[in-house]
Structures are given as C-alpha cells and as structure tokens.
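Asker: Sharing the features that TrEMBL gives for it:
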| type | residues | note |
| --- | --- | --- |
| DOMAIN | 8-352 | domain 'Acyltransferase 3' |
| TRANSMEM | 12-31 | transmembrane segment |
| TRANSMEM | 43-60 | transmembrane segment |
| TRANSMEM | 81-98 | transmembrane segment |
| TRANSMEM | 126-146 | transmembrane segment |
| TRANSMEM | 153-170 | transmembrane segment |
| TRANSMEM | 176-192 | transmembrane segment |
| TRANSMEM | 197-216 | transmembrane segment |
| TRANSMEM | 222-241 | transmembrane segment |
| TRANSMEM | 248-268 | transmembrane segment |
| TRANSMEM | 280-301 | transmembrane segment |
| TRANSMEM | 308-327 | transmembrane segment |
| TRANSMEM | 339-359 | transmembrane segment |
Amino acid sequence: MPSTPRMAWLDGLRAVAVLLVLYAHLSRYVLTDVRAVSSEWLHAGQAGVMLFFLVSGYIIPASLERHGNLRRFWIGRAGRLLPLYAAVTVAVVALGLYRPSDPATAAVAHATMLPFLLGEPQATPVFWTLAFEMVFYLLVTALFAVRLHRADAVTAALLAVAGVLSAPLALQALPAPYAVLVLIAGLAAVLSGRRRVVIAGAVVLGVLALALTVTGAAPSHAWDGLLILAVMFTGTTIYRADAGQTGWWPVAVVAPVVAAALVLNWFAELVSLDALTPRYMARSLITLLVFAGAFAVGMLTRRWRTPAWLATIGVISYSVYLTHYVLLLVMRPLLGHDAVAVAYVAVVLIVSKVTHRYLELPGQRWARAMSDVWDQGPRVSRTHAPVRG
C-alpha cells in the first residue's frame, strides 16, 4: 500500500528509525570500523527506537479517534500487529533460535506481546519495543474510556517525573500468570460494550500498564520504562497541537521536561556503569538531538515530497524491524565481508516486502471486515485525524 501524501512524511520517519536500528545491529558484524567511530558519538539503535515511539505517540490517538470505538481500535491493532508477530515467533522457534524452558508460559507471554515486561525470555530481542507499544495502547484506552484523552501533555510530564524518581528502584516483576489474567479480564471488559464495565476494565488496564512498566523492564531498560511512555505521550501532545485541538504551548512546556528527564536518566545510567565521561554525555545529547531533530525536520518539511524509496521503506518498516534480526542470525556466518552486507539488506527488504503484502495487508483487511461485523461499542469523541494508524 503506497503512502498517501499526508502519511508520506511519517513513513519517511519510520524509514529513518528502522534504518538506524538496522545499522546498529548489522554493524556488529560488518562496517565495524565505522561503528567504532559512530558508537562513540551516537547510540543509533536507541535513537531509532525512540523515533519509532515518538511517531507512534503521534499516530495512535489519531487512529483511536478515527475509529471512535474501542472495539474497532483493538481489532485494528490486532490485525496490524499480530499476523507478522506470530509468523516471526513461529519462524524463530522452527529455526531453533528460541528454545524456552517452559514452552507453555512462553507461549502465553508471547500471545500478550508482553514477554519483555512479564520477565519471560523473548523469541527475538527486538520484541521489547512491542511490549511498550502494547502498554501505550492500554494507557490510551484507559484515558479515552474515562474521558481524559486530552490530558496527554499532563500525562507525559507526570510520566517523565515518575520515570526519574523511580529509576533507582528495583522492583520484582509481576507474576506472569496473574498479569495475563488481569490483561484478559480488562480487555474483555473494554470490549463488552457496557459503559460502566468498559470504564472499570479500562482503569484496570491502565493500572496494569503502569505496574508492568515499573516492575517488568529488564535491567537494560530499567532506567527508562516510564520515560519511553513519556516520549510517546509527547508525540500525542504534538499531534493535538498539529491538529489544531490545542495550542503549541503544551508542546513548548512538555517537550523540554521529557527531554531533560531522558538525559538525566541516561546520565544516571552512565554513573551506574562508571562511564560518566564528557564523550558519553555528549553521545546522550546527540542521540536525543538525532531522534527529536529528525521528527522536527520531518514535520517542517512534510509539504515537500518524501523520496519514494524512503516512503516505501517506511511502509514496510514493521516488517523490516521484525524480520531483520532473525535474518541477521541466519546470515551471520556469511557476514565476513562488507560486500555481503549489501546482499543482507537486499534480502531484508525483499522478505519485508513479501511479509507486508501477504501477512500485514491481509491482517489489516481482516481487521476492517471484523470491525464492520462487530461495530457497536463504547465510543469516544471523534475528531478528524490527519493520519491513519
């Protein structure tokens, strides 16, 4: 599906994000001399995923408001994400790249898309970002159900402050079986169509989302779970201003707060690693400037034509993101020469084009059909959203 003019700039940003992540992973095996220099000044993978989160924050509320219906929203998310996610999980297991010690628990955890926050080993490391996407959906659902969906600027600021204050804490992850049961019960309530039940379920999901974020992150992300959500709600704040629903002053207030919280936590993490040096402090600032600057440039130049190749990669970016790491593991024995990297990238793009066409698009068509069949549900105030989810 080609980008529409209104979506092309966002697809371009998705492309930049996924290419940064792709470079971060591929450069462990090729282009190592380049990585040795670039990694001193830029955390490419972190910049890429943060850009993804910012774009998601901008898009997801627009998607929910366009649907105007929590059932449609969740069916749409399921159709958008689950087919490829399930296929990649099955492929990783079939290739012998993932052998969980407890298959039943692993299957249940992966079915929720939350294994990272449930303390379960992941089928592939890149799944960790999807856990935060899922948590964001849960929080957005809760806010919409209780009619606080316009409070995204306040939400972003509170999450940023809470992220800084909770960073030193080391809390035990919620037991996976209980968390899964609460998730199922909450989603069932939200999809029930009964207003009071929907509100109760949404509140439960919101509390669960925050609890998982604070307690469930692996050590590599224990410092920034709430801050990731703050970045996403900053994207929502930008969307509201851009759509004319608010002025730009909330963005002017919240964005610096979230940026400062991010940098403060990154510096604190460097302290914990005994690596708080001017160079690594500069790397943190540059990483922030890269992902925030990329989004700003994308917005400022969105009336310009996005290069077709960039928009195309953006359209298939979800496939590129989920498949590239698996393909990297499969092709790793061949990656002894930089020239092979070109072949690897070509394979990733070809496979991603195929999975987008035969998994992602059919899933989205199924979601639209199911939504038409099951269209009655708790509605939220509808606004004309300039983007699609």
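Using N, Cα and C of the backbone, Cβ positions are placed for all residues, glycine too.
Give me the structural setting of these features: burial, nearby parts and distances.
Answerer: Proximity of distant same-chain residues to the transmembrane segment (43-60), defined by a Cβ-Cβ separation under 8 Å and at least 6 residues beyond the stretch ends, is recorded for 10, 13-14, 16-21, 23-25, 27, 129, 132-133, 136-137, 140, 228, 231-236, 238-239, 242, 283-284, 287, 290-292, 294-295, 321, 387-389.
Here the transmembrane segment (126-146) has Cβ contacts under 8 Å with residues 21, 49, 52-53, 56-57, 60-61, 64, 70, 73-74, 77, 81, 85, 110, 112-117, 152, 155, 186, 190, 198-199, 201-203, 205-206, 208-210, 212-213, 216, 218, 221, 225, 228-229, 232, 236, 321-322, 324-325, 378, 380 of the same chain, all six or more residues outside its ends.
Cβ atoms under 8 Å from those of the transmembrane segment (248-268) belong to residues 153, 156-157, 160-161, 163-164, 167-168, 223-224, 227, 230-231, 234, 237-238, 240-241, 276, 281, 284-285, 287-288, 292 of the same chain, restricted to positions at least 6 beyond its ends.
Under 8 Å from some Cβ of the transmembrane segment (308-327) lie the Cβ atoms of residues 1-3, 8, 10-19, 21-22, 25-26, 52, 80-81, 84-85, 88, 91-92, 95, 97, 124-126, 129, 344, 347-349, 351-353, 355-356, 359-360, all in the same chain and six or more residues away from its ends.
Taking Cβ pairs closer than 8 Å, the transmembrane segment (339-359) reaches residues 22, 26, 30-31, 83-84, 87, 313, 315-316, 318-320, 323-324, 327-328, 331 in its own chain, all 6 or more past its ends.
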Asker: With the transmembrane segment (280-301) as the reference, which stretch in 12-31, 81-98, 197-216 has the largest tally of C-beta pairs below 8 Å?
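Answerer: So the stretch in question is 12-31.
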Asker: Are there at least 3 C-beta pairs under 8 angstroms linking the transmembrane segment (12-31) and the transmembrane segment (197-216), leaving out pairs fewer than 6 apart in sequence?
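Answerer: Counting Cβ pairs under 8 Å (6 or more apart in sequence), the transmembrane segment (197-216) does not reach the transmembrane segment (12-31), since there are fewer than 3.
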Asker: Cβ under 8 Å, sequence separation of at least 6 from the ends of the transmembrane segment (222-241): give me the contacting residues as numbers and ranges.
Answerer: 50, 53-62, 132, 135-136, 139-140, 150, 152-153, 155-157, 159-160, 162-164, 166-167, 170, 210, 213-214, 216, 247-248, 250-251, 254-255, 258, 261-262, 265-266, 268-269, 295, 299, 387
Asker: When you scan the chain for residues with a C-beta under 8 Å from the transmembrane segment (12-31), skipping those not six or more beyond its ends, what do you find?
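Answerer: For the transmembrane segment (12-31), the nonlocal Cβ contacts are 38-39, 43-45, 47-49, 51-52, 55, 126, 290-291, 294-295, 298, 306-307, 310-315, 317, 320-321, 324-325, 328, 332, 335, 337-338, 340-341, 344-345, 348.
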